[in-house]
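Here is what Swiss-Prot records for this protein:
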BINDING   ASP346, ASP352, GLU355, GLU356  Mg(2+) binding site
DOMAIN    283-368  domain 'B5'
DOMAIN    609-697  domain 'FDX-ACB'
Amino acid sequence: MKFSLRWLQQIVDLNNIKFSTLVDKLSVSGFEVEDISRNSSNDDMIFDVTTTANRQDILCTVGLAREISSIFNRDLKYKLYKDSIAISTHCLNILNSVSLLDLSIVNVNYFYNNRSPLWLQYYLSSYNIKSLNLLTDIPQYIYLKWGQSIEIFDKNKISSVPIQYSLFNLQKKSHIIYDSPNIELEVLRYDDVILFPIGFSLNENIKCDAATNSIVIMGYVCDKQYITDIKKKLKLSTYLSQRCCNQGSRSDFLNAFYESVYLLGSFGFATLGKFYGYHKLYNISRILFIDKVKIQNILGSVKIGSYNYLTVKEIFTLLERLNFLPIYDSLKSSFKIHIPVYRQDDIVRPIDVIEEVARIYGFDNFISKLPLNPIDNKNIFLNNIFANKVYRIRYLLRCLGLHEAQNYSFYDYYPFNHDTQIKIYNPLAQDQSFLRSSLAVHLTLNQQDNLRQGNKDIEVFEIGKVFRLYSSSLEYDNTLNSFEFLHLSGLIANSIFLRPSWSDKEQSLSWFHAKGMVEEFLDRLEVPVVWKKISDLDQSNLFFNLMHLLNMNWTAIICNRFHEEIGIFGKLCNKSDFNSTYVFEFDLVKLIASIESLNHINSIINPYSSYPSLTRDISLTVKNSCTISFIKARILSYENNLIESIEVFNYYKDKSINAFYNVGLRIVYRAHNRTLNYSDINRIDQEIDDLLNEYKL
């Protein structure tokens, strides 16, 4: 819809408002401004405004002026543009129309069909409409200004005698438009003369001509739903039906009709007759109740001044600018809002009112962050902490040289056919048959794709959701419950990881090198862990589904300091060890929960002992099932508080004795307040003798 800036300035106060500011504000408020052109001869700007389907009230000059008045908090220049005028009308003999909401008729006699005044000619020319005469120009002017339909008929062609308003009536009739026998349209008649089928066409035989000196002015508002239904039945759309569907607000009808009669009577030097009309009752005024807290929580804090919410006074003022009728209940801290008639099509829910408040106040004046509910503050705070931890994990892995991968959560098949996989019934595609239970499987597929492209070395990680069934749930025949988890997984393969010297050939990544990278990642993340050897992944609650993917001789379970399983690290089952591939996978939630940030407040400061220490190196031959941790715990079980440290300095295995291995331990003894005496040394030697005898072959 095109608009004239000069015309708008005569309706709403736009002094000291630049046109560029007007365009920006309208665009931010949801009304896109396009096709701006300047008419230098008349010092005017013509621009096109597009709006949404639920804001038909904007598609006329008064409607846009009313919206600009709310946006800029400027007054409309005449009360006529705010409120409907009160006209003394007589009732027409029309009852229960299905097509009409309003109908007004007035007879005008002794009319002179003069040329339109220059100001009217200019306004029409702004819309590329050629001015002809008053009878043609004024209905077009009224439609552009108010969005209301006005029709003018030659009174003498309707009746040669004075108009009797009781003869106006509505009748349902078929065969009116293009021979439609099964479709009845409501037709406005005067006695036996058909004036027009409501909303579709006009009787050409009663139109005005050059000899017209007595006219019938008719204004009407159609039921848009009726017009839409008839258009669908007829499969036909006419120029008049389109205008009726795009008609402006019903509340502006009387103002538009009064102005059209006034202009025709004034410039045509005519005598006006009495006003007759038919008006359906308006729907009950819509009332919405909105809590003040709801408005503040949804909109959030404002940028201007201190970071506070909109006050009750500010909200009240904004609602009044929108021509709403607000009432604030201080006891309930809520607003009771009466919605004006011309906004009842698009203001239906409380959220619509809140959006209007934000639009008028300015979306850019609010802080761009999620609203905080006092009940959920703690959860939102925890979510932010979790997100920050995930960001740090990504950062640390990138620093170690790993690239992030993204895969979707489906398999086209599961290579190991494990019972704990979740199968999709009736999948949309073949490659969406299973939900993934591990990130590592997709990373191995990524590696295979890279190998086919000639990329031997790949170091990637992925963070995503996995879906699996607990192995314990398989014992039941009832419906199995699926579970969703957030995991972190990585894959490392590097054939040129290091070389001892420049003259040596490159060496591939070893198990210990890969383990060192994982340890460095955990150290930087500040997660204390314990590495545990595992012989069968059925013992694992988290990673039992990787049993066929990893080499059990090169696989370790990673636990936190409470010995809870949080991750796994191992070597893939490759046929060749030339370029070994290693993977790790963590339960991300448990990994983050295991982070123990270093805090100097929690540190215990002790001075170094100035007394000499005693060192004992021992060599033990133990069974393969006996771990180093168990041996250390056995030494500490002697409850000797002089033990300062226990370190492994050697490890070897005799191939002739497969069931045992040898380990060298260095135990350091020291007292913090004295020098060790003979009694201390004798106790230490006795404990070592007992230990050697215990692990003696």
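Each residue, glycine too, has its Cβ placed from N, Cα and C.
Keep in mind the model is a prediction, meaning the values are calculated, not measured.
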DSSP three-state assignment (helix, strand or coil) for ASP346 (Mg(2+) binding site): coil
Other CB atoms within 10 A, centred on GLU355 (Mg(2+) binding site): 17
Per-residue pLDDT averaged over the domain 'FDX-ACB' (609-697), given as an integer: 88
Residues close to Mg(2+) site centre defined by ASP346, ASP352, GLU355, GLU356, Cβ within 8 Å: ARG343, ILE347, ILE351, VAL353, ILE354, ARG359
Protein Cβ atoms within 10 Å of ASP352 (Mg(2+) binding site), excluding its own: 15
Binding-site residues listed as ASP346, GLU356, least Cβ neighbours within 10 Å: ASP346
The domain 'B5' (283-368): DSSP-derived helix, strand, coil residue counts: 36 helix, 17 strand, 33 coil
